[in-house]
Amino acid sequence: MDKASLGIGIFDSGVGGVTVLKELINLLPGENFYYLGDTAHVPYGSKSKEELLILGDAIIRFFLKLGVKMVVFACNTSSAITLPILKERYPVLMEGMLEPLRKNMPAKAKVGVLATEATVKSGLYQKKLMETNKFQEVYMIACPQYVPLIEKGIVSGKEVEEATREYFEPLLKEEVRDVVLGCTHYPFLTETIQKLYPKIQVIDPAAYVAREVYRKLKENKLLGENGGKVQFYVTGDEKSLKNLGSLYLGYNIDRVQKIDLEVIV
């Protein structure tokens, strides 16, 4: 089988990775995608490195059974913590959220990063961004309320606004004007963030990731031409993927297959 005709696996703990999937579909219309929302284990942000590795390993093996030419970690937590380890274990192209941002984001004096607790605790996101010498200060803000709210379908209203004010308070004190959405769930909240803080520039790394995926596929002569299909999988509840995912992609996700990763964390 021609390797270029194989699909691309993309995963997240839930519906968040759909924000990356949309950019990939727009830039790579000739590709087939397999999207996995690991909803049985959401949120990833409160999990240990060991738990994330067990899940990541099982997900890569699932994609390899399907037959893929590349796996996209559409999850900042997994990108920072497990991708560096898993790419040494498996002979398949991999791309995450952090490196494309690091390479492509323009220089800023100060930048804030909204992220999960696990991403913030790892210290890797801040370290990688500071290594570029593009930023004088990188402020990491853990946002534990965001993912559970989004997975329930709550992307606006009082709860979201209260959480957003709490998370932005330290950034405003430091006069930060550029804020990275360091979790793929967070673009669902862009409207609320911009309503509350219209002078803040919100940076979504998804477009950087899509461009990097395109570059790697082209470099390896793996660009597909006859695709255009997306298959959706979940490990638990499918509601958020069907509802919010459909809204974000602009079409109905009517078929979602439930799978068992056969792991205990």
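Easy rule for this one: first residue shown is 1, then count along the chain.
Any Cβ shown, glycine's included, is placed from N, Cα and C.
The following features are taken from Swiss-Prot:
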BINDING   D12, S13, Y44, G45, N76, T77, T184, H185  substrate binding site
ACT_SITE  C75  active site, proton donor/acceptor
ACT_SITE  C183  active site, proton donor/acceptor
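Mapped onto this structure are the features recorded in Swiss-Prot.
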residue : record                             : DSSP class
D12     : substrate binding site             : strand
Y44     : substrate binding site             : helix
C75     : active site, proton donor/acceptor : coil
C183    : active site, proton donor/acceptor : coil
Enter the number of other CB atoms within 10 angstroms of the CB of G45 (substrate binding site).
25
Residues within 8 Å of the D12, S13, Y44, G45, N76, T77, T184, H185 Cβ centre (excluding the substrate site residues themselves):
G14, G16, G17, P43, C75, S78, T116, V147, C183
Could you list the residues of the same chain, at least six apart in sequence, whose Cβ is under 8 A from the Cβ of C75 (active site, proton donor/acceptor)?
F11, D12, S13, G16, G17, Y44, M97, C183, T184
Distant-in-sequence Cβ neighbours of N76 (substrate binding site), under 8 Å, six or more positions away:
G96, M97, L98, A115, T116, T119, Y125, G182, C183, T184
H185 (substrate binding site) has how many other Cβ neighbours within 10 Å of its own Cβ?
31
Name, in the order they occur in the sequence, the residues of the same chain whose CB lies under 8 A from the CB of T77 (substrate binding site) and which sit 6 or more residues away.
S13, Y44, G45, K47, L52, A115, T116, A118, T119, C183
